[in-house]
Amino acid sequence: MEGALTARDRVGIQDFVLLDTHTSETAFLGNLKKRFSEDLIYTYIGTLLVSVNPYKELDIYSKKQMDIYMGVNFFELPPHIYALADNAYHTMMAEANNHFILISGESGAGKTEASKKILQYYAVSCPSTTLLDSVRDRMLVSNPVLEAFGNAKTLKNDNSSRFGKYMDIQFDIQGDAVGGHILSYLLEKSRVVHQNHGERNFHIFYQLVEGGEEDLLHQLGLESNCQHYSYLVQDECANVTSINDKNDWKTVRNALSVIDFDESDIQHLFGIIASVLHLGNVQFEADSKGYATLNKNTELRWVSTLLGINVQVLQEGLTYRKIEAKTDEVLSPFTVDHAIYARNALAKAIYGRTFTWLVNKINDSMENKEPSRKTVIGLLDIYGFEVFYVNSFEQFCINYCNEKLQQLFIQLTLKSEQEEYEAEGIGWEPVQFFNNKIICDLVEEKHRGIISVLDEECLRPGEATDFTFLEKLEEKMGSHPHFITHKLSDKKIRKTLDRGDFRLLHYAGEVTYGVVGFIDKNNDMLYRNIKYVSLLLWSIIHVYLTDKLLGDSTTDPRPSSLLGLTDILMSKEPWYVRCLKSNESKQPGRFDDVLVRHQVKYLGLMEHLRVRRAGFAYRRRYELFLQRYKPLCPATWPHWRGVAAEGVEVLVQHLGYLPDEYKMGRTKIFIRHPRTLFATEDAFEVCKHKLASRIQAQYKGYRQKGEFRRQKEAATKIETCWRGVQARKEKERRQWAVKVIKKFIKGYMTRGEAKTTDNSEYLAFVRQNYLNRLKDNLPKTVLDKISWLTPPPVLTEASAILRQLHMRVMVTRYVRGITAQQKAQLQLKGITSVIFKDKKDSYPQSVSQPFVDTRISEQDINMKILQIIRHERIKYSVPVVKYDRNGFKPRPRQLILTQTAAYVVDEAKIKQKEIHPSALHALEHGGDLVIQCDHLFEVLTKLSVVANKQSAINVVQGSISFQIQAGKEGIVDFSSGQESMVYKDKNGHLMVVSLRRLTKHIRTCGQHLYSAPV
């Protein structure tokens, strides 16, 4: 309950009829402001729609919004202009009668936009065919055309309608929009020749000058500069930033094409508009007698050319008055003032009749000539009540029109309310309201009304002025309670009135009018020869004229001009849209309380609310009331089986309604106070959530059960289908496998034969399989000679080629990646290979062991030795064991190789030296040397390189004999055993026992070196 009340407090009440303090203007404005602050610009007063202009775009007019409101009960959704348009349409279809929507409000309140939204809604919501779309297009595009010719910038609105428009939209029996018809009222023709400061002439003039094509302007004698035309520069605001005349010109040109204006009509139309501009530039000068003359007639020639009238006839009509006396005609020359008056009168007459012709042309394009029965919805968009700082004849006519519409509005509202009460059998309680018939009579009463006095003053002989007209008014209606002048008022009021003013107390408030200009604007009669010019003009452009005087330049305030409209409206069912301005500065989100209060007053919204609230604030059909609130009573929930009225009676008794709070009509329940309805609505909100939870639980269970059954059935079907698919796939796979296996076996059996169709696929498989395996098992180093996969016979040759290529690739890759040091190692290893490969069994195991530059650092060599050989460069040094020739006693020694000699040294003493620049010579020749070394291949390779004697190294198999001294030899024997040792055997030989590896020995014999395995 609190949630519902909080929401209602935040966004206000959607229908003012439900406002508790319905007589309080403050409460009315507060509710309006509260909704406006939430961008809720629409509010109801019963079926009347109140619209507040937000001066910003709102996302509430999309196609989606239209769909939401189509065919929905009027009060079911939040207030919207689409709801009113839709209900007017469906009521028309259901009751087969005519309706109209009256859109009113002051300039800038959004009347034109409201009319557009209604037209757009009918264009989208009604059934569609190619023909109907054409009709709708013409109805829609007629708006920009009529706005161009009938709208202008005023102080209050940049696109103010300066005429009243009534449009009938015709529907056939199926509800299709099949045609339309427009009536125009009260065109403000005086705007053509005069605009107040800050206002502009009609849009079409600026659109033509600013947006017209260069060729068109040249044909019309115009320049693309509004400052050159007298009728366009009086306002001093020809260019307005909020108006794009060039774009609007394109829109108007396109719209004229859609409305079926041919090119000739368009050229003629713009020619007339251009002639008005040229006519405004016609200047008069006074001659010596004070009469008007035309010295420069360039502009007049353009008028003559564009209108097809002889220039002499036109010039005579503008400078002379034709006076007829029986059979004689006399030309009386004009003064300059009279000539200007005649020029302006002609310009207004031309424009007014052109506008009439334009409306008729649009009507012809929208006319539906089918004789079938049609119903209509009328749209009336007319000036709202106007109160300016200076109010003249135009405001008098407009406000009189609004008085008549207010009178009609009250009559129709009271009539509909009274008829509803009588139809429902509810006692009618008379409503106290302000009846503005007294004001209407003050204006229109025959022989006594303001209009009758004005007409008499215009027609009477003698000098009639605005002030004589005011005197007649004071004489005839001086005692009227709604009429005040300076002369008739008391001292206090007299201070607010000038001597040329009179004040009327309209239903919307007091308005002070200045009488200056009333006589001229009511007369506005063309002189006889100007009338002839105008008749000649309209015979040329095929516009039919009546026989009355060519007056009606500004507005026609006579009752006959509104009686037709009143009769039309009285014959139709009314719907109302009241448009309000939120502020004068057109700022989004700003709500001016004073301004809105004033509009609420003169639009009669409080009056209407009082009429709607007379007696009962709320009424609904029994079926709808019971359908909404039946959950609140156990007896009516979930279904009421009896008569709806009886169900409602049971329901309200259960809710505790008091007898004076409601009445039961024939088809509806009437509730007197809004608080009763709010209490019912709040109870429904609470009940609705409980019901929603129960319904959700039941529905979710039902849905889940149904969903489970559907899923189970679907799973069974899917399983069946899936098994079938899998079985078929398995069958196809096995059939394919059998074929492949047969082919494979046959290929295997004939693999040794020449390539045939039987073994081609098998051989290809073998090749591919071998190459795939080879790709994953290629040798990683050039030394790997055994891991190359054995190829099948069909790939023997290819395998050999691939092996060579792979070896080359690895060698190339290795060579490119080695350093200078690695290169030197390889060169030494190459020499070692030449000397020992295939000669010593231990050679292969030594290949992977890198050689070093030296085995003994200079720090480990005795300083004395270093001083002795200081002039020689040490190439290599290694620790060795020297065996004595006699007794074979081992002695540790160092073998040092220099550039010139090989030294065997012990601590500080050189024991033996071999010189090897070109050959080896014994320095102290006492026999061969027997030396043991752990790095045999490295020492011998280094020695052969230093001595440059690779061929001097012999590898001997078996025992080695060496020369102990001259004539005496020794023997070295080699064997293997459990322990590695070197000793002198019993036979006198040197015995070398090796365990798992070979011991290396060097035998030096004169000029030769020997090495042999043990």
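A Cβ is built for glycine as well, from the same backbone N, Cα and C atoms used for every other residue.
As annotated in TrEMBL, region 'Actin-binding' covers the listed stretch 562-584 rather than the other ranges in 56-78, 424-446, 562-584, 608-630. In sequence order, Ser51, Asn53, Gly384, Cys579, Leu580, Lys581, Gln599 are the residues of the chain that are 6 or more apart from Ala109 (ATP binding site) and have a CB within less than 8 Å of its CB. Those residues of the chain, other than Gly105, Glu106, Ser107, Gly108, Ala109, Gly110, Lys111, Thr112, with a C-beta within 8 angstroms of the mean position of the ATP site C-beta atoms are Asn53, Asn157, Ser160, Gly384, Cys579, Lys581. Note on the binding-site residues Gly105, Gly108: the fewest other CB atoms within 10 A surround the CB of Gly108. Neighbours of Thr112 (ATP binding site), defined as other CB atoms within 10 A of its CB across all chains, total 22. In this view, Glu106 (ATP binding site) is surrounded by 24 other Cβ atoms within 10 Å of its Cβ, with every protein chain counted.
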